[in-house]
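Record features (TrEMBL):
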{"type": "TRANSMEM", "residues": "20-38", "note": "transmembrane segment"}
{"type": "TRANSMEM", "residues": "121-141", "note": "transmembrane segment"}
{"type": "TRANSMEM", "residues": "153-173", "note": "transmembrane segment"}
{"type": "TRANSMEM", "residues": "185-209", "note": "transmembrane segment"}
{"type": "TRANSMEM", "residues": "216-233", "note": "transmembrane segment"}
{"type": "TRANSMEM", "residues": "253-273", "note": "transmembrane segment"}
{"type": "TRANSMEM", "residues": "294-316", "note": "transmembrane segment"}
{"type": "TRANSMEM", "residues": "347-368", "note": "transmembrane segment"}
{"type": "TRANSMEM", "residues": "380-398", "note": "transmembrane segment"}
{"type": "TRANSMEM", "residues": "410-430", "note": "transmembrane segment"}
{"type": "TRANSMEM", "residues": "442-466", "note": "transmembrane segment"}
{"type": "TRANSMEM", "residues": "478-498", "note": "transmembrane segment"}
Amino acid sequence: MTIQSIDPPRERTARVSKPVILWAVLCVALAFYSFLVWEAGFKLLPQNYDPSHQQLFDEVEAAGNQGVPYSEIAEKAQEAYPLWNNLTAMVTGTYFGFGSNGNSDPVRYYDSMAPVEKSALSLHMVLGGAVLILGMFQFTPSFRKKHRKAHRAIGGAYILALFAMCFAAIYHMVHTGIENTYQGFAFHIQLWFLALSTIIAQVLAIVFIKKRNFPLHLGFQIYTFAAFLNAPIQRYDWAVLGWVYPHLTQGEVNNLVNILTFWQCLLIGYALFAWNRSTAPVRPKPVEVAPHPVGLQVFLGLATVAAVLTVLASYLTGTGLSGWTVAQDVAPATTLAAEAALYAGRYVQTAGFGILIAAAIVSGMWLMMRDGTSTLARNIFYVSAVLAGLQQIAWGEQLGEPSMAVTSGGGFYIVSGLSLTAFALLALYFQSRGRENLWHEVMIFAVNFAFAPALIVWGHGLWYLLDVVPTYYADRGHGYVLAAGAAILTPTFNGFIGMMTSRETQSRVIS
């Protein structure tokens, strides 16, 4: 008879998942920003007004234009500017942090505002930090599920703070106008879109929770949080890109940031929704796929034909954006010349890109609207999308950094190409894993980004027809920045909205 020893029970250490770690890092960054924005809001209060600050602004800006070390102007800068401006200058240098065509102008204007306007902007800042803190709890899956009463109570506070914050922002924009908005027309339009879309999304979130439609409630609620992320992400982008390009003004770098920020925030929102969704149980029955409405099929078919014709006209002629009259009217000549230089003497490469994008659009739309199982269409899409995406990244690198001559530099091409390539490869990954629901979801992003080279042309056409971009700002690239930003935002926005009702979302019992 043999006796086998029994190992004593071992204590299992709970492993922290990667999403939790990433969420914790983001929350720390947001909490730090909330502290900074509260400090800035407190400094802005009417009772803290000091008339000597106007002279300090001029002195610090002049020193920043000369690129003096921060230590030489630290005392004056800390007296007059909010803490986050000082921290940015410490990271990027004073030329970027305090120099002309940067944040000195809005800080100087805020200091000169009437007391009631200062109070409104201060309220906006304080509530902005508050909703970020509240959102950390609201969108943590374990907290949302385990503490329902607290979730509802915090949600009520979140909604009240959201509306007050947005209406304070609208009050500020109405009284500030385009001329006193940081970076003028382009940023002013973006702020209005941000405020109004946030209010609409919050109203929809309330409507859907009343209807007990939890996926749509969660999706629109996360959209509001993604909208709030624009402020901190923008500041962190300034710091990082200012460190990369310390010889550029903040205004030049902001041409690129205007394209990046909402794209980044919506992708963070998508990841946050996917994380919350992944913690929900799977439905026992597979999802029944309903056919697309005839009207939608007709509309998307026409959009596909228009997009293919647009990209072929742009790139088979070898002219790109500069060949369109609407772009010539809206975008600066220097911007179009910089882009045209990409194609000069490279007709085969340029025409090949147009054919690849057209192939990605056609095969992608075939998969989305007609036959999602076609192996041929899938392979055509993967190859054409990845190659076209890599070509855009290469062009973005060639265009280089932002400047007042080329506005956003290679930002549009890099973001468009990176998104197209990444989502196409992610779709291929989910296909290899047999995750067809997730394959379909990320393909919505990928196919939409195949339209980006056409969307930027259409964006210029829209601003040409509206004829609302003042000449002063059009000459400085604001029309181009808005068109490029829309060409990046539209595919991201479509993918984000599609996520709320995707097959993967329908396969989960979200509560």
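Each Cβ is built from the backbone N, Cα and C atoms, and glycine gets one as well.
Under the criterion of 3 or more C-beta pairs below 8 Å, with sequence separation of 6 or more, the transmembrane segment (121-141) and the transmembrane segment (216-233) qualify as touching. Note: the stretches the transmembrane segment (253-273) and the transmembrane segment (478-498) are in contact (3+ CB pairs below 8 A, sequence gap of 6 or more). Non-local neighbours of the transmembrane segment (478-498) in the same chain are 184-186, 189-190, 219, 223, 226, 255, 258-259, 262-263, 266-267, 269-270, 327, 330-332, 335, 407-408, 411-412, 415-416, 419, 423, 441-442, 444-445, 448-449, 451-453, 455-456, 458-460, 462-463, 469; each lies 6+ residues outside the stretch with a CB under 8 Å from one of its CB atoms. By the Cβ criterion (under 8 Å, sequence separation of 6 or more), the transmembrane segment (294-316) is in contact with the transmembrane segment (347-368), since 3+ such pairs are found. Within the chain carrying the transmembrane segment (410-430), a Cβ under 8 angstroms from the stretch's Cβ atoms is held by residues 255-256, 259-260, 263, 360, 381-382, 385-386, 388-402, 436, 438-439, 442-443, 445-446, 449-450, 452-453, 456, 484, 487-488, 491-492, 495, all 6 or more beyond its ends.
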